[in-house]
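Okay, structure first, notes after.
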Amino acid sequence: RCVPTASPNLAFVPACLPPHPAEVQELQRFVSSSRKLFVMTGAGISTESGIPDYRSEGVGLYARSERRPIQHAEFIRSASARQRYWARNFVGWPQFSSHQPNMAHLVLRHWEELGKLHWLVTQNVDALHTKAGSQRVTELHGCTHRVFCLTCGDQTLRSELQEHFEALNPSWKAEALGVAPDGDVFLTDEQVLSFQVPSCRKCGGILKPDVTFFGDTVSREKVDFVHQRLAESDSMLVAGSSMQVYSGYRFALAAREKQLPIAVLNIGPTRLDHFASLKLNSRCGELLPLIV
């Protein structure tokens, strides 16, 4: 099956030069000599789908605003923090959930179909790898498309919760001011005050997106599972991540310890640059489709 083309949205992609033919050759050699490739992706693979990242120079959320994502402890502790989170998320959801995979996601799915890609771990919560059809995938930080109850663990689809929000807030209106990487938008405090947040339908508990917020940790089982997939692999490709977050970086450290060749494809510096076998400064959606 040929990989379909998807035109990139470059609003949130840092400026970079097109891939140099020598770089294409180097990555081709790296991928060709790998039989069981372990791939880890970050926000930089989804920027071409129109989702901003946090850290990119000039275009990332941190460069454009003072805003910081919600902290786990704050969400658990504060009802007003949850109200603010869900109000923003409610406004941002229709746009965030409509984002589609780009060329990079489609290429990685194609590599999986060919048996080249052994396992894919994404640090993203946007479900774009799943939408692209990838199956050998672990969502390291969860996924915004699922919601669960902190008390009884009951899971619901985020799309179903949207209908619940609409029913509870029939006349609530808010104008979104810009969008953030996790589907959240900017709202004023006044807009948020009257927003009604539903409780779990089964037990009345607190609902939380099935994502690892900043300050929370990835479950031991998931970390162990990813380490097992890495142990079965013979090389590692990092695509679209600066690897600043330890939950992902630990797997690069493990790959280095196993002396696996590591290739990094990311616009801008990463934490792996000093020990990666190969560092490429290109757009994922521009370079990956050139690899046969």
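Here the Cβ of each residue, glycine as well, is placed from N, Cα and C on the backbone.
TrEMBL has this to say about the protein:
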ACT_SITE  HIS141  active site, proton acceptor
BINDING   CYS149, CYS152, CYS200, CYS203  Zn(2+) binding site
DOMAIN    17-292  domain 'Deacetylase sirtuin-type'
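Locations of recorded TrEMBL features on the structure.
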residue: HIS141; record: active site, proton acceptor; contacts (Cβ under 8 Å, 6+ apart): GLN123, ASN124, VAL125, VAL211, THR212, VAL218, SER247
residue: CYS149; record: Zn(2+) binding site; contacts (Cβ under 8 Å, 6+ apart): CYS200, LYS202, CYS203, GLY205, ILE206, LEU207, LYS208
residue: CYS152; record: Zn(2+) binding site; contacts (Cβ under 8 Å, 6+ apart): CYS200, LYS202, CYS203, GLY205
Model confidence over the domain 'Deacetylase sirtuin-type' (17-292) (mean pLDDT, whole number): 91
Other residues, Cβ within 8 Å of CYS149, CYS152, CYS200, CYS203 Cβ centroid (Zn(2+) site): LEU150, THR151, GLY153, ASP154, SER199, ARG201, LYS202, GLY204, GLY205
Surrounding CB atoms that lie within 10 Å of the CB of CYS203 (Zn(2+) binding site), all protein chains: 13
Surrounding CB atoms that lie within 10 Å of the CB of CYS200 (Zn(2+) binding site), all protein chains: 18
